[in-house]
Amino acid sequence: MIPSRANAKARRAGHHVRHSFGISNLVGDPFAISTISISMISWVITLGGSIASATDRESFPRFTWWGIAYQALLLFIMIVIYCYDLVDYYKGFISSGSGVAFIYNTNSATNLVYSNGARKAAASAGVILLSVINLIWVFYYGGDNASPTNRWIDSFSLRGIRPSAYEDALIRSLRRRSAVHSRNLQNAALERENLHLSTNLYNGVDQNQNYVSAVGLTGFENTNPNSTNSNFNSPYRDQQNDEVISMQIRNPTDTLKTSNENVNTFVTESSNGNTETTMGDTLGLYSEFGDESFPYTARALYSYQADDADGYEVSFEQGEILKVSDIEGRWWKSKKETGEVGIIPSNYVQLIEDDEGI
């Protein structure tokens with residue numbers, strides 16, 4: 001069913017990120033302001049040389065006029081997109097549009113570069129510069145923000161490294177897997193408890209006897225069925241495994257850390273609850289925090305509220321001083337003045353000297 005105009009208007013007016021015009025968005029990005037400035041200068045040179053060449057008696061390639069007009073339109077659109085901070089929304093358009101402009105300019109350069117006269121030489125120099133800039137734009141805007149070249153270029157921007165849609169999608173996918181895994185743990189706990197209860201009832205064990213869920217065990221440390229009752233009837237083992245089950249149900253995110261492949265994900269008496277994790281190592285974002293030093297100092301540019309679904313993030317206020325141990329990647333490991341340790345987004349803070357934070 002096609003929605004009415006009123007419903008469509010209500011959908012458009014729904015909750016979404018609103019972007020306001022700000023020239024600082026363009027000026028604060030060295031890559032954007034430099035490439036756009038060079039393109040505008042090259043465009044003026046091309047236009048002047050083309051007008052001067054068209055007054056000569058010699059023929060002038062007419063298709064070049066359309067390339068000049070198209071390049072001017074592309075420059076105007078890019079300035080608007082940057083001023084409204086819509087670059088991440090239109091990266092595909094900018095990349096494809098720059099590719100088309102690259103073809104137009106290289107075609108014009110082929111027709112002008114071998115022509116005689118200083119006027120056509122100026123026009124050919126302008127279209128060659130435009131072709132180079134367009135090729136750089138295709139390479140930059142065609143790549144993800146997490147690519148090495150984009151991260152290096154964005155590191156000079158006042159806004160910092162832009163968030164990566166690919167990495168964000170990967171994190172959301174892992175969080176959905178975390179929720180599914182926690183539900184599977186709860187279902188497995190209930191099934192094994194019911195199975196063990198049925199076994200005890202079948203063997204004539206008192207119904208009021210405390211039983212142990214196998215979720216907290218490896219399930220393979222005792223393969224002798226004759227010794228099952230002696231292990232399960234231990235009061236210490238009952239209490240320990242009940243606590244493990246409660247901890248897994250209350251903290252499914254922490255439980256997921258120990259559920260990766262080729263890693264023992266169950267708690268035993270010998271491990272004492274200390275298991276390894278590989279999901280954080282794979283992402284490069286989440287890892288166990290030890291007693292490592294924090295040699296860098298950073299000041300919060302904006303306030304940040306940690307995600308409740310991610311136990312590794314920490315919140316901070318604007319202007320707060322943080323100690324940082326690793327400045328590689330989009331998430332940095334940091335330590336607050338209160339001693340709280342966690343990860344923070346790098347584009348919300350600015351590195352400073354130690355004496356500046358005093």
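Every residue gets a Cβ built from N, Cα and C, even glycine.
As written in Swiss-Prot, here are the features:
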TOPO_DOM  1-30  topological domain 'Cytoplasmic'
TRANSMEM  31-51  transmembrane segment
TOPO_DOM  52-62  topological domain 'Extracellular'
TRANSMEM  63-83  transmembrane segment
TOPO_DOM  84-88  topological domain 'Cytoplasmic'
TRANSMEM  89-106  transmembrane segment
TOPO_DOM  107-120  topological domain 'Extracellular'
TRANSMEM  121-141  transmembrane segment
TOPO_DOM  142-358  topological domain 'Cytoplasmic'
DOMAIN    293-354  domain 'SH3'
Average model confidence [pLDDT] within the topological domain 'Cytoplasmic' (1-30): 71
Considering the transmembrane segment (89-106), which listed stretch of 31-51, 63-83, 121-141 counts the most C-beta pairs under 8 Å: 121-141
Long-range Cβ neighbours of the transmembrane segment (63-83) (under 8 Å; 6 or more residues past either end): 21-23, 25-26, 29, 32, 36, 39-40, 43, 46-47, 50, 90, 94, 97-98, 100-101, 104-105, 107-108, 111-112, 123, 127, 130
Composition by DSSP (helix, strand, coil) of residues within the domain 'SH3' (293-354): 4 helix, 26 strand, 32 coil
The topological domain 'Cytoplasmic' (84-88) - residue tally per DSSP class, helix then strand then coil: 2 helix, 0 strand, 3 coil
Secondary structure composition of the topological domain 'Extracellular' (107-120) [DSSP: H/G/I, E/B, coil]: 9 helix, 0 strand, 5 coil
Other parts of the chain folded back onto the topological domain 'Extracellular' (107-120), taken as Cβ under 8 Å at six or more residues beyond its ends: 49, 52-53, 56, 58, 60-61, 63-64, 67, 127-128, 131
